[in-house]
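Record features (Swiss-Prot):
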- D8, H10, H43: divalent metal cation binding site (BINDING)
- D8, I9, H10, H35, S36, D57, I58, G59, F62, P63, N64, N65, D66, K142: 4-CDP-2-C-methyl-D-erythritol 2-phosphate binding site (BINDING)
- H35: site 'Transition state stabilizer' (SITE)
- T133: site 'Transition state stabilizer' (SITE)
Amino acid sequence: MRVGHGFDIHKFGKIYKPLILGGVHIPYCKGVVSHSDGDVIIHSIIDSLLGASSLGDIGILFPNNDIKYKNINSCILLQVVWNCIKKKYKIGNIDVTLFLEYPKISSYTNKICLCISNCLKCKTDVINIKSKTMEGLGEIGKKKGIASEAVSVLLEI
C-alpha cells in the first residue's frame, strides 16, 4: 500500500474563466487565475497519485510555462498520469477536501465523483469529496481563492 498527498490553490481573478471542480463546470460569478483550466480538485488528486507512486509532481510533468497546457482540461492530465500508474497500482481510495466559501458544492459532489471515477476507471465508492469553509479567515475565507487537498491510497497489483 502506498499513500500520497496533494494540494493545489488558485486565486479568483477578474478575467472570467469557468469554475471547473473535479471535471464539472460549477456555475459561479468568478473563475480562477491559472495556466490550465485551474481545476484544484483534479490537480490535488494528480499530485497525490504522483506522490504515492514516487513520480514527482504536477509542475514537473505539466509545466505552467508550456503553451500546450494552456487552458487544457485537467481531466486529460489526470488520465495521462493514471496511464503511467495503472500498470503497477489500483486505487484503494481517494479522499478530497475542498476549501472555499462559495459556491456551495454539495449538490455537485456525486457528479464530481462520477467524473473522477470515469477518468480513473474505478468505482465511485472509492472517491470521497467534501468541502469546508474557512469561516471568513484568510484569503480563501475572504472569497479571494479556492484550495483542495487530496490523499490517495494505491494498492499494488
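The backbone N, Cα and C atoms fix where each Cβ goes, glycine too.
Sequence features annotated in Swiss-Prot and their locations in the structure.
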residue	record	Cβ contacts under 8 Å, 6 or more apart
D8	divalent metal cation binding site	V40, H43, S44, D47, I58, A147, S148
H10	divalent metal cation binding site	V32, V33, S34, G38, V40, G145, I146, A147
H35	site 'Transition state stabilizer'	N64, N65, Y69, K70, N71
S36	4-CDP-2-C-methyl-D-erythritol 2-phosphate binding site	H43, F62, N64, Y69, K70, N71, I72, N73, S74, L77
D66	4-CDP-2-C-methyl-D-erythritol 2-phosphate binding site	none
T133	site 'Transition state stabilizer'	F99, L100, E101, G141
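All protein chains considered, the CB of H43 (divalent metal cation binding site) has 26 other CB atoms within 10 Å. The 4-CDP-2-C-methyl-D-erythritol 2-phosphate-binding residues named in the record, D8, I9, H10, H35, S36, D57, I58, G59, F62, P63, N64, N65, D66, K142, extend over a maximum Cα to Cα distance of 31 Å.
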